[in-house]
C-alpha cells in the first residue's frame, strides 16, 4: 500500500506538467494561425476591394463571367502572392469567414463580393503621386511604410521589366484623399543634387531587355551618405595625428627620465661583481643609447613646439640637473674604486620630479578625452535623425507626370520620323546603279497609276551532277571544316549536314567543280578518311525534291511579328552593323604605293 501511495503524487505531477506543455503548444499554434489568417484576409479583401477591381482586369472578367458573381477559391490559391502565404482553400475560406468585403457560399468552395462594384472614380489621377529614384530592391511594404506617415495608402503600383522582373525605378502611389497626396509631395520631394533636373523616368530597352539602371542601395536612401564616409576618413586622420602626438609625448618623457637617470651616478661595483670586459661593453651600450636619444630629440623638435602642456623646467630644477650632470662627468674621470656612493636624497628628488610629470599628463588626458567622445556621440545622433527624416526621392503628382509623358511621346515620334527619313535616304539607290543591277521589280499600270510588284526570289535551280555525298567513319567536324577541305580544289555552294553526322551532302557550283573534286578523292580518303560519291539518277532527284521541301518549310515558318518602333529600331540596328563591318574592312593598296 505504501508503494502505491508514494507513486500516485508523482504521476499527478507528471500529468500536470504534460498538460501545461500541451497548453503552451496550443497557444503557440493559435498565435501563428491568427497571424496567417489575418494575412490571408487582408490580401483577399484587397483583391476584391473597389480600388483593385477597377484596375485588375483579369479578376473583374472572372467575376463578370459568372451569373451570381461567385468564383472558385482555388483560383485565388493559384495566385503567386497567395502561394507565398498558403495553398489551402479551406484555410482561405476560414480566414474570410467574418470579412466585411467578401462572403462564401454554403459549400465553402466559392467566394464573391458582398456589394456590387460601382463606377470608377474620376479623381484617381489627382489622388495618385509619382515617385522616382527608388532603391533597386524596393518593395510594397517599404513604400507603404515611407508614404503611410502622410496619409492612407490604398494602392501601390511598381512597374517591372518583363525580361528580368526587376523594378523600373519608379512607382505610383494612390492615396485616399487629394490632401494626403499633396502633403506627401510637399514633404518627400527631396531629389539629390546628382539627379537630372527634369522629372519623369522613361526607361529605355535594347532588344526587349532594359539597360542596367544606376544602383541605389538602402544606404543611399538616407541623406548625407557620401558625407558620412568623408567624415569617417577625417576621423581616422585625426586619430592618427593624435596617436603620433601621444607617442611624441611618451618619447619625450622617456628622454627626460633617461636624463634624470644619467644624472644619478651608478653604484660602485667591486672586482668580484664585474670584470673589465663587462665594463667596456656597458660603456659601448651607453654610447649607443646617447646617439639614439639625440636622433629622437632632433626628430621630435617640431612636435615639441606644437605640443601643449609641455613641461618647463624651473631654474632650481635646471640647476639640479646641471649639477647632477657635472657630478656624472666628474665620476667618469675618477677611477672605479674612487666613485662616491649615491645619497638617498638625490634619488627621492628624481622620483618626485618624474611622478609630478606623469600626474600632469594623466590629468590633461582625462580632461581632453571625454570632451572628444561627447562630441562624436552628438554628431552620430544628429546624423541618424537626419537620415530618418530626409529621403532623396523625387515625388510629383500623376497629372504632372502625364504632361511629361505627352512631351516624351511627341519627342519619340519626331525622332522616329527623322530615323525613317535617314533610312530612306540611305536605302535610296541612284539611277546609275539601277541600270547596272538587274531589276527585281515589275511595273503594273492600273487606272493611270504605276504599281510596283516585287518578284519573289527563286530557289536553287536543278543542275545535273553537282550533288556529292560524303561518308565518314568519324563524326564530321562542321560545315566550315568541309568547305575548307575543298577550298583549294573547287568551289562549294552549300554543305547540308547536322552536328555530329557521319554523312553529309555537298552542292558544288558547277559539274566541272564536282568532277575536279572526284579527282582528289584519294587525297580526301588519306587525309580525312572521307568517301566522296556524286549522286545520279533517282538519288539525285530525291535529294533535289528534299531541297525544295525544306525551302518551302523554311519560308512558311511562323516568324515573330515586329511592329512600330520595334521594327524600325531593328532595321536601324541592322544598318548600323553593316556600316561598322564595312568600316572595319582592311584597305588594300597596290604594290606601287
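Each residue's number is its place along the chain shown, starting with 1.
Glycine residues also receive a Cβ, built from the backbone N, Cα and C atoms like all the rest.
In Swiss-Prot this protein carries:
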COMPBIAS  1-11  compositional bias 'Polar residues'
REGION    1-28  region 'Disordered'
COMPBIAS  12-24  compositional bias 'Basic and acidic residues'
DOMAIN    30-121  domain 'HTH La-type RNA-binding'
DOMAIN    127-205  domain 'RRM'
REGION    191-363  region 'Disordered'
COMPBIAS  231-240  compositional bias 'Basic residues'
COMPBIAS  248-259  compositional bias 'Acidic residues'
COMPBIAS  295-307  compositional bias 'Basic and acidic residues'
COMPBIAS  314-340  compositional bias 'Basic and acidic residues'
COMPBIAS  348-363  compositional bias 'Basic and acidic residues'
DOMAIN    461-574  domain 'xRRM'
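For the domain 'HTH La-type RNA-binding' (30-121), the number of residues in each DSSP class (helix H, G, I; strand E, B; coil) is 49 helix, 9 strand, 34 coil. Mapped onto DSSP classes, the domain 'RRM' (127-205) shows 23 helix, 20 strand, 36 coil.
Helix first, then strand, then coil: DSSP counts for the domain 'xRRM' (461-574) stand at 54 helix, 22 strand, 38 coil.
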